[in-house]
Amino acid sequence: MVARITIDEQNFIKNAKNVIKDNKVMAVVKNDAYHFGLEFAVKSFIQAGIQTFSTTSLHEAVRIREIDKQVNIFLMNPSIEFETLKTHNIAMTLPSLTFYHEHIEDLAGIKLHLELENLLHRSGLKDQDEMLQVLKHNESLPIAEQAIMEGIWTHFGYADEFGGDEYETERKAWVNCLSFILDQGYTFKFIHAQNSASYVREDGLLNQHTHARLGIILYGSRPYSTLPTSLTEQNFTVTANVIQVRPIKKGETCGYSFQYKADKDCNIAVVDIGYGDGILKTRAKHDALINQKRYPIRGLMMSHMFVEVDDTIQSGDQVVMYGNDIRIDEFTFKGVGANSEQISALNHHSLIKEIR
C-alpha cells in the first residue's frame, strides 16, 4: 500500500480545450507546471491547441524548447544569460527602465515583452511614459543593435478579489496604458494581461489582447469560489490507504503531543500519508473521503495521518485527499492555502505518480 498521485491524461487535455475555447492562450507552466510535470503539461497543452508558454525559470524555458522547437516561450522573470535566450529563441520580460539602460548592448536581438508594474508592484515599467521612452530609444538604435519588442503585458493581482475596486483600478490603468502605446503606432505580436480570474470575469479576452495568460484554471481549479465546479475539472487525485483501524476510548489521546483527545469512544484509522508527502497542516483541519463518505482528520504526522471513522472502514480502504468529489479549490476557499500552494507542496519523491 502506497500513497499516490494519479493524473487522467485525456481528461486533462479535454479540460484544457474546454477552458480555452477559441481563444489564444499562453499557458503558465512555471514550477514544473504547478507540479504536474513540465513535459507532461507542455505536451498535453500542445495537443489541446496551445502554442505559447510562460515560466519564471530560464532552466524551465530551455526545457520547453527541448520539448518542442516551434512553440513560443516567454520568461516572466528577467535573465542576464542573453546568449542562452538567443540560442533557444526565448522571449523575456523587461522588468524596469534601469534594467534596460544597464543592458542596452546585451539586449540587441533579444525578444522583450514590456511589462507594466501596476498595483502588484512586483516588476515592470512604472507607466506609459517609461514604456514610450524605451520604445523610442530602442528604435533610435541601428537595427542590429535593437531589442525585438515582441510583446507588452501586465499582471492583474486583484482579479479574484471582489470586496473592493482594486481590479477595476488595475484594469483601467492597464487598458489606458495599452491604448496610449498602441495609439503611438506600435504593434506587438503578444498582448497579454489576463490571468485565470480575469479571463473568467471578462468571459474571454479583453479587447486588443492577443492571448490570455492562464495558469490554475488549466490544471482544474477555479480561480474564485462563486464559480461552478463544471467550469474546470480537476482530473487528478491524491490517494492513500488505511493501514489499520484502532479503537480509542473516551479521554485517550493519539498522535504526537496529544494531537487529538477523544471526546467519546471511537475508531481511528491510521493512514499512510502525512506532511512529509506534502499534505499541509491546514488541510488536516478538514475531512478525508473514504468509500464516498467524508470523515474528519484528527492528526497529521510526517508519514501518517489519523482519521476518525465508523465501523464500516477497514484496513486496505482507499483514502482520497483530493479528487473530483473533494477538490483542491474547495479547500482553497476554506483557507487551507492557494490552489497552487496545495499542489506544489505534494512530494513527488515519496508519492507514486501515475499518468493514465
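The backbone N, Cα and C atoms fix where each Cβ goes, glycine too.
Keep in mind that TrEMBL annotations are predicted by a computer and have not been checked by a curator.
According to TrEMBL, the features are:
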- R122, M302: substrate binding site (BINDING)
- 235-356: domain 'Alanine racemase C-terminal' (DOMAIN)
- K30: N6-(pyridoxal phosphate)lysine (MOD_RES)
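Residue pair the residue listed as 'N6-(pyridoxal phosphate)lysine' / R122 (substrate binding site) shows a Cα separation of 17 Å. Annotation: K30 carries the greatest number of neighbouring Cβ atoms among the recorded positions K30, R122 [cut-off 10 Å, Cβ to Cβ]. A coil conformation is recorded for R122 (substrate binding site) in the three-state DSSP classification, outside any helix or strand.
In this structure, K30 (N6-(pyridoxal phosphate)lysine) is part of a helix by DSSP. Around M302 (substrate binding site), the same-chain residues at least 6 positions away in sequence with a Cβ under 8 Å from its Cβ are G274, Y275, G276.
Sorting each residue of the domain 'Alanine racemase C-terminal' (235-356) by its DSSP state yields 22 helix, 51 strand, 49 coil.
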